[in-house]
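S.K.: Here's the feature list from Swiss-Prot:
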TOPO_DOM  1-15  topological domain 'Mitochondrial matrix'
TOPO_DOM  35-40  topological domain 'Mitochondrial intermembrane'
TOPO_DOM  67-72  topological domain 'Mitochondrial matrix'
TOPO_DOM  106-128  topological domain 'Mitochondrial intermembrane'
TOPO_DOM  184-190  topological domain 'Mitochondrial intermembrane'
TOPO_DOM  224-232  topological domain 'Mitochondrial matrix'
TOPO_DOM  257-261  topological domain 'Mitochondrial intermembrane'
TRANSMEM  16-34  transmembrane segment
TRANSMEM  41-66  transmembrane segment
TRANSMEM  73-105  transmembrane segment
TRANSMEM  129-152  transmembrane segment
TRANSMEM  156-183  transmembrane segment
TRANSMEM  191-223  transmembrane segment
TRANSMEM  233-256  transmembrane segment
Amino acid sequence: MTHQTHAYHMVNPSPWPLTGALSALLMTSGLAMWFHFNSPSLLLIGLVTNTLTMYQWWRDIVREGTFQGHHTPIVQKGLRYGMILFIISEVFFFAGFFWAFYHSSLAPTPELGGCWPPTGINPLNPLEVPLLNTSVLLASGVSITWAHHSLMEGNRKNMQQALAITILLGIYFTLLQASEYYETSFTISDGVYGSTFFMATGFHGLHVIIGSTFLTVCLLRQFNFHFTSNHHFGFEAAAWYWHFVDVVWLFLYVSIYWWGS
């Protein structure tokens, strides 16, 4: 590559956007095949392809930013704008679920018994597992902030401890959510209540798993001395994403678990 006299990163040709698009096609097609023909093979191929693509693409980004020095302050600014736009798109994604929930619950139709929750649905007690889940996620928000402050102060040990605590709390939340799903008396096919409940909380649970994975990668990178107090966008993006997951859960708890019950 020729010597560059500017602060922008001129990326090399990469196969990962193409393989990522193909894996997305395989996953969506495979999901339809699984639903309609009970054949998960195409979906599994798509998931494996997507996982390999993400690993190798992000490996390249880590290499470019950490070892090759391509992530200059201007490049980091662009990455921050990209992450902010991504989180905004996620906000609208969840807004659709909340819209569906309130559209159905504020004016229940005669088919639902004219009431909410619909006739025959026994909602979960918001003061039991959902409240514990809320406490767990709020605690994880505190620990991720502790990790960020420790990183800014150059305290590696505290940063690693706080990040490990956050990951463990994320795993604990996922296990609690799984046990809650196992104990519910209704399913995703039990009318609009089941559909909106499991779609909204399920997609949030998926985001918790993604966020926990993101933070685990950050912890491994921290063990390998990838982050400094002025060069740590990977961790910063993970922290933003985790705070977003926290805030979405608060809205889910107040809307679906507390008000909706």
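Each Cβ is built from the backbone N, Cα and C atoms, and glycine gets one as well.
Each of these features: where is it, how hidden is it, and who are its neighbours?
M.R.: For the topological domain 'Mitochondrial matrix' (1-15), the mean pLDDT of the prediction comes to 74.
For the topological domain 'Mitochondrial intermembrane' (35-40), residue counts in helix, strand and coil come to 3 helix, 0 strand, 3 coil, using DSSP.
Long-range contacts of the topological domain 'Mitochondrial matrix' (67-72) within the same chain, counting only residues at least 6 positions beyond its ends with a Cβ under 8 Å from a Cβ of the stretch, are 7-9, 79, 231, 233.
Mapped onto DSSP helix, strand and coil, the topological domain 'Mitochondrial intermembrane' (106-128) counts 4 helix, 0 strand, 19 coil.
Residues 120-122, 124, 197-199 of the same chain sit 6 or more residues outside the topological domain 'Mitochondrial intermembrane' (184-190) yet have a Cβ under 8 Å from a Cβ within it.
Using a Cβ-Cβ cut-off under 8 Å and counting only residues 6 or more beyond its ends in the same chain, the topological domain 'Mitochondrial matrix' (224-232) has close neighbours at 62, 66, 71, 76, 151-154, 159, 218.
Nonlocal intrachain contacts for the topological domain 'Mitochondrial intermembrane' (257-261), taken as residues 6+ away from its ends with a CB within less than 8 angstroms of a stretch CB, comprise 101, 105, 116-117, 123-126, 130.
Counting residues 6+ beyond its ends, the transmembrane segment (16-34) has Cβ neighbours under 8 Å at 40-47, 49-50, 52-54, 56-57, 60 in the same chain.
Note on the transmembrane segment (41-66): residues 9, 11, 14, 16, 19-20, 22-31, 33-34, 217, 221, 226, 233-234 of its chain, located 6 or more positions outside it, place their CB under 8 angstroms from a CB of the stretch.
For the transmembrane segment (73-105), the residues of the chain that approach it from at least six positions outside its boundaries are 7-9, 112, 116, 192-193, 195-196, 199-200, 203-204, 207, 231, 233, 236-237, 240-241, 244, 248, 251, 255-256, 260, judged by C-beta separation under 8 angstroms.
Beyond its flanks by at least six residues, the transmembrane segment (129-152) meets 158-159, 162-163, 165-166, 169-170, 172-173, 176-177, 179-180, 215, 222, 227, 229, 232, 235-236, 239, 242-243, 245-246, 249-250, 253, 257-258 of its own chain at Cβ-Cβ distances under 8 Å.
The list of residues near the transmembrane segment (233-256) in space but at least 6 beyond its ends in sequence, with Cβ under 8 angstroms from a Cβ of it, reads 62, 65, 71, 76, 79-80, 83-84, 87, 90-91, 94, 98, 101-102, 126, 130-131, 133-134, 137-138, 140-141, 144-145, 147-148, 151, 166, 170, 196-197, 200-201, 204, 207-208, 210-211, 214-215, 217-218, 221-222, 226-227.
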S.K.: Which residues of the same chain, at least 6 past either end of the topological domain 'Mitochondrial intermembrane' (106-128), have a Cβ under 8 Å from a Cβ in it?
M.R.: 180, 184-186, 190-194, 253, 257-258, 260-261
